[in-house]
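Have a look at the structure below before the remarks.
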Amino acid sequence: MLSRRPLAAALRLAPLSPPLLLFFASSSSSSSSPASCSSPTASASAPRGCSALRMDSGAVEPASTGAIWSTPSVEPRSISIGKQIFCNRSLNMRNITAVGFDMDYTLAQYKPETFEALAYHGTIEKLVKDLNYPEELLTWQFDWKYMVRGLVLDKKRGNILKMDRHKYVKVAYHGFREMSKEEKVAAYGSTLIRDSFDEPDYALIDTLFSLGEAYLFAQLVDFMDSNPAKVPSGTDYAHMYRDVRSAVDLCHRDGTLKRMVAKEPSRYINEDLAIVPMLQMLRKSGRSTFLVTNSLWDYTDVVMNYLCGPYMSDVSSSHNHKWLEYFDVVITGSSKPSFFHDDNRTGLFEVEPDSGKLLNADLQIGSPRSSQHQPKPIHKVYQGGNVGHLHRLLSVASSSQILYVGDHIYGDILRSKKVLGKNTHANLRACLINSSWRTMLVIPELEQEVKLQSESKSTRKELRHLRMERDSVEDTIHRLEWSLQFEDLTENEKGKLLSEHDNLLQKLKGIRCLLRDAQMQHHQKFHKVWGQLMKTGYQNSRFAHQVERFACLYCSQVTDFGLYSPNKYYRPSEDYMPHEFDVLGL
C-alpha cells in the first residue's frame, strides 16, 4: 500500500542514492546500444514497447568540419533534404536585427538514450523515496524510443492519444494496450464537437523532455490496472500523473539532472562544431545575438563551454567564459513562459560570471525611447527580468526585428498568449509584443522523417492509386444499388445486377484490405506504434498543425541555420486546396 507524505516533506532531499548511482555507472557502457525495451511489469506492459522504433532524435549527422554558408568553397554546396529550413510564413532576414536562441534542446541537443534515461530514473527514485511508491518501480526499464512528440495524455482515463489537426483521435492506447475503435468512439466521439484536449484534464507531450514522463505514466497505468491492491483507495490516474509531475519537479529542484550532465557533458550532449561558426557569421552580418534560457548561470556556463569548447583555448579553466563573446546578451533563469509577460515584475539582475554573484541591473537599463542613445551592453549576463528588459538591452525598435530559435515555440512563446489573454490593457499589450516575434522551431526528429518520406514516394503513389480505385468501385456499387431499388427491371436483369453487385462487394473488400495493410506498413516504417510525426492517417497531425500555426520557420538542427545566407529571404511553398491535386495532376 502506498502511504502518502506531504510534498513539503518530500522536498527535504538526500544525495544521490545507490540505485541511481548504479544507473549512472551502467549507462556509460550501454549508452551506445539501444535501450532495453523490456516490459516494466510482467503482465501489464504489452510487447508494444519492444517493437516501437522511435526516430532517433539524438542521431544527428555529425558536423565534422563545422562548415557553414560563409565557409570558402570552390563549388556551390547543396543542402540535403534533412538539413533544409522549411518556411511557413515569409521572413526576410534583412529585416531581422537580433537572433536569439534557447539553450536546452536547441543549442544543446541532448542524447535521448542517456539524458532521457537519466531523467526517467531520477523521477522514479523521487516517486519511491519521496512519494512512497513501491520499491519494485526501481527495477523498471525505460524504452526511450517508444514515445514521440505530439501525443496527448488523458489524465483522467489513463490514455495516450494521437490525433489529427481536427482533433480526431486516430491512435489511442490505455497504458500500453491499444484501444479498439469502439472504445475510442465511446471515449472521444466521432463528431466535430470534441474536447479541447487541453489542461487541466489533458497533458500535451510537445517537448522532448516530456517523453520520459509520458512513458512512466503509461507504465503506472498498467501497474495500477494489474495491481489494484498496491494502490491506495481513491487513487486515480490523474493523481498518479500529478505525482509524476511532482517527482519531475523534485529532480529539477535538487539539481539531480544538471549535476550529472555538468559532471560529464559529452555523455549527455551531442557535439556540434557548426554552432560557433554560425554565431560568428550572424554577428559579422551585423546582427545581435542573445541567449534566453530557464537554466541558471552555473549550468548554462558548463553547457556553453562544452558546446563552444573546440573553438576556445584553456577550456578546462573553471573561469573560462570566452563563449560569451558570441552573444550580446545572455539571460539565465528566465522562467519562461512568464518571461514573456511584459508586465512581469520579476527583477533583472546582472550576473558576475566568475563568482555567480547577482547585482541589481534595473537602474542600468534605460527606457525604449532613450535606449538608442545608450551603448549596448558588452557581453553581459543577466538573470530573471522580462521581455521588456530584453528589448531594451537589445535596443530594438520593433519586436518584429527579433527572430527566436527554440525547440518549444508553442510552449515557450506563443502559448503564453493564453496566459496573457485576459482583458487588461497590460496583458493585451504583452500579447501584441509576443505575437510579432519571428520564430524558428527546431525539430530533431524531422531529419529522419523527411529521409523516410523521400524513400516512400512509390508507396505513397500506390496508396493514392488504391484510394482512387476504392472510390471508383464504391461509386459503381452505389449506381447498381440505385438501379436495383428504383428502376423497372426484368428478373433476368435483376439477377445480372445482383451478381455483379456481389462481385464488386468482394472486390471492394479486397481493395480495402490491401489499402489497410499498405497504410499500416507505411505507418510503421516511421514508428511501429505512432507512425509519422507530422501525419495521423491521411491528415496532418496535431503536432504538424501547431508547427504550421506557430513557427515561421522550422528545421531539424539549429545549425541548419548556418547553411544559409544570413540575408536570405525565406518564402513559403505554394498552398494547395484539395480540388487542385486532380486539376494540377499533383
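Glycine too: its Cβ is placed from the backbone N, Cα and C atoms.
TrEMBL annotations:
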- Asp102: active site, nucleophile (ACT_SITE)
- Asp104: active site, proton donor (ACT_SITE)
- Asp102, Asp407: Mg(2+) binding site (BINDING)
- Asp104: GMP binding site (BINDING)
- 1-29: signal peptide (SIGNAL)
Cβ atoms near the residue listed as 'active site, proton donor' (within 10 Å, other residues, all chains): 24
Using all protein chains in view, find how many other C-beta atoms are within 10 Å of the C-beta of the residue listed as 'active site, nucleophile'. 25
When you measure from the Cβ of Asp407 (Mg(2+) binding site), which residues in the chain that are at least 6 apart have a Cβ under 8 Å away? Asp102, Asp104, Tyr105, Thr106, Thr207, Leu208, Leu441, Val442, Ile443, Pro444
